[in-house]
Amino acid sequence: MGGKQDGDEAYGKPAKYDPSFRGPIKNRSCTDIVCCILFLLFILGYIVVGIVAWVYGDPRQVLYPRNSTGAYCGVGANKDKPYLLYFNIFSCVLATNIITVAENGLQCPTPQVCVSSCPEVAWTVEVNQFSQKVGEVFYTANRNFCLPGVPWDMPVIQSLQQELCPSFLLPSAPALGRCLPLLNSTPPELPGISSNTSISQGISGLLDSLNARDISVKIFEDFAQSWYWILVALGVALVLSLLFILLLRLVAGPLVLVLILGVLGVLAYGIYHCWMEYRVLRDKGASITQQGITTNLSAYRNVQETWLVALIVLAVLEGILLLMLIFLRQRIRIAIALLKEASKAVGHMMSTMFYPLVTFVLLLICIVYWAMTALLPSCEKVQMNTSCNPMVRGLRVDMEAQPVNSSCPGLMCIFQSYSSTGLVQRSLFNLQIYGVLGLFWTLNWVLALGQCVLAGAFASFYWALDKRRDIPTFPLISAFIRTLRYHTGSLAFGALILTLVQIARVVLEYIDNKLRGAQNPVARCIMCCFKCCLWCLEKFIKFLNRNAYIMIAIYGKNFCVSAKNAFMLLMRNIVRVVVLDKVTDLLLFFGKLLVVGGVGVLSFFFFTGRIQGLGTNFESPSLNYYWLPIMVSILGAYVIANGFFSVFGMCVDTLFLCFLEDLERNDGSLDRPYYMPTALLKILGKKNEVLPRDKKRKK
């Protein structure tokens with residue numbers, strides 16, 4: 001298994017020799033045109049959705065506080081009023097239900113108004129002021145804390161009953177764009193405020209309701225203090241990743257050997273530990289027959305049968321791994337040779353190592369575009385089908401009244417319909433679904449583009465007889481242009497298949513979360529089986545798509561034909577596939593662990609101030625959450641390492657498929673020389689009758 005097979009076997013006929021084949025073909029035509037047109041039309045629709053969101057949305061809602069009329073404090077008409085004042089902050093104590101808080105837009109159930117400055121002294125409306133006018137009590141006394149549009153001559157008692165003006169003020173200080181009372185303030189004795197309600201309780205309730213929004217302020221402060229150190233950590237991750245890949249050309253064999261021996265050593269220690277635990281418990285007579293069956297899983301650590309089973313499992317794994325090393329040693333040597341060749345290919349085309357930056361930028365554009373499209377709309381909370389009173393809270397008293405300074409231009413009291421669900425609500429939901437589909441499809445397409453482009457570049461390296469002269473001048477750019485020009489539809493086809501499976505998984509997770517409390521054990525088991533099947537299906541489709549894109553990059557055929565040819569080729573060499581896949585996974589896992597772990601440890605010691613003696617220019621910044629830059633550094637290091645190693649993994653997979661095709665197409669003769677490197681020829685016991693450079697001279 002793994003070599004050439006008879007043409008009548010189940011997994012297709014081996015590739016035949018083609019004298020005109022010299023790597024990725026130049027003369028190719030557009031593939032999967034129907035899917036290409038569908039994808040382009042979908043993108044046009046996605047752009048229309050973004051335009052709708054931009055026209056009717058407002059991104060300021062996540063940056064500035066808003067008053068009761070929907071206006072933003074600190075911008076526009078309220079440019080000189082940057083702070084938000086709560087009429088009754090004690091109502092925030094009652095807003096402890098997160099669902100209620102979310103439905104209220106993360107706001108307390110009390111009127112709020114934008115003010116130029118926070119109150120400095122305590123004040124309460126007196127009984128003899130109820131009959132006076134608003135202008136006399138508030139405006140002339142420089143208490144401009146009423147909602148916009150309250151008439152000068154309105155009675156104070158009426159403004160208080162309609163909650164248009166505050167009934168009391170407390171000395172406050174601005175924090176997070178809001179006027180928060182000082183902790184030593186004494187609450188007034190007013191209806192609705194109990195004697196045991198404190199200022200700290202009100203502030204606590206307010207912060208609970210605003211936590212999801214205002215926590216970002218401290219996060220931004222930490223980023224402002226530590227962003228350059230985070231960039232340094234990411235630079236370290238980049239250098240480590242690049243060095244690890246380039247050094248594989250020299251140490252791939254010893255490194256793989258060390259990793260395999262390390263796994264054997266870990267399993268051997270596990271066997272020894274299980275044996276020692278089993279022997280101690282056996283001597284004590286601790287058996288499961290004495291303890292019985294229990295739901296307390298920790299109790300099974302104290303019975304001998306648990307350690308005996310673990311010992312048997314580890315021993316079986318150790319034996320399987322040893323047998324694999326004995327019988328598959330030649331295939332492991334092939335995998336090591338391909339890893340070295342992949343490192344050499346990356347060294348010849350260093351630009352490929354930085355292509356993940358292009359992929360990252362495209363992915364960022366897709367995610368930001370979706371986020372803006374999904375989060376920009378700010379008028380969907382308006383009740384379109386309920387009664388509207390133009391006299392409520394600062395609305396102008398006329399037949400076409402609209403909220404003063406509203407963030408929803410054109411909002412007015414009009415009759416729409418008797419339906420309980422209007423067109424606006426239905427459209428918003430459908431557009432959100434369209435946006436989610438667009439997000440998944442565009443992300444998968446961008447990833448597919450990167451895989452196909454890299455495959456085209458690395459395939460041109462393998463199929464060059466003379467690596468110094470036959471490799472194209474700009475292989476990455478040529479592969480990029482070729483892929484975009486001819487294979488956009490094929491990439492969209494593969495991305496769409498993967499997108500449908502991923503959306504099915506998302507829907508299944510949503511249903512599982514909604515019905516988790518009402519499910520019985522049988523339903524949970526069925527749901528778990530469905531989720532497991534979809535997860536396996538997604539992994540298989542990713543694997544198939546990846547190899548299909550390699551075949552598309554080389555031969556320029558459509559997605560279905562390329563996927564079929566790749567699958568058949570891999571099945572004809574299934575043992576080599578498994579060995580190479582596991583060796584590569586082990587090596588790349590070790591590399592990621594080295595990069596991410598190293599950056600994480602350095603970040604932890606630096607941002608917690610445990611690295612001393614670096615001077616004043618290298619002191620760790622003062623942070624609200626020291627774990628934030630650490631987590632960002634670790635995440636960034638993982639993204640960088642994953643980007644570099646994904647290029648290396650794509651190179652290995654491409655060279656592997658080319659190697660398998662090379663074995664089937666050629667025989668090492670003068671007319672059909674092998675394109676594989678000399679190391680692989682030695683491992684296979686093969687040789688070319690003529691060296692590649694000699695063949696070039698004869699031509």
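One is the number of the first residue shown, and numbering goes on along the chain from there.
Each Cβ is built from the backbone N, Cα and C atoms, and glycine gets one as well.
The structure displayed is predicted, hence computed values, not measured ones.
Database features, via TrEMBL:
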type: TRANSMEM; residues: 33-56; note: transmembrane segment
type: TRANSMEM; residues: 227-248; note: transmembrane segment
type: TRANSMEM; residues: 255-272; note: transmembrane segment
type: TRANSMEM; residues: 307-328; note: transmembrane segment
type: TRANSMEM; residues: 349-372; note: transmembrane segment
type: TRANSMEM; residues: 445-465; note: transmembrane segment
type: TRANSMEM; residues: 486-508; note: transmembrane segment
type: TRANSMEM; residues: 548-571; note: transmembrane segment
type: TRANSMEM; residues: 583-607; note: transmembrane segment
type: TRANSMEM; residues: 627-660; note: transmembrane segment
Query raised in the report: Hey, which of 445-465, 486-508, 548-571, 627-660 has the most Cβ-Cβ pairs under 8 Å against the transmembrane segment (583-607)?
Result: 627-660
Requested in this report: Please work out whether the transmembrane segment (33-56) lies in contact with the transmembrane segment (627-660), by counting C-beta pairs under 8 angstroms that are 6 or more apart in sequence and asking whether there are at least 3.
Outcome: no
Query raised in the report: Hey, would you say the transmembrane segment (548-571) packs against the transmembrane segment (255-272), going by three or more CB pairs under 8 A that are 6+ residues apart?
Result: no
**Report entry** Positions on the same chain near the transmembrane segment (445-465), where near means CB under 8 A and six or more residues out
**Finding:** 21-24, 39, 342, 345, 348-349, 352, 355-356, 358-359, 362-363, 366, 471-472, 475-476, 478-480, 482-484, 487, 491-492, 494-495, 545-546, 549-550, 552-554, 647, 650-651, 653-655, 658-659, 662, 673, 675-676, 692-693, 695-696
**Report entry** Any contact, the transmembrane segment (627-660) to the transmembrane segment (307-328), with at least 3 Cβ pairs under 8 A
**Finding:** no
Query raised in the report: What residues in the same chain, six or more past the boundaries of the transmembrane segment (349-372), come closer than 8 Å to it by Cβ-Cβ distance?
Result: 50, 53-54, 57, 59, 242, 245, 435-436, 438-439, 442-443, 446-447, 449-450, 453-454, 457-458, 461, 471, 475-476, 639, 643-644, 646-647, 651
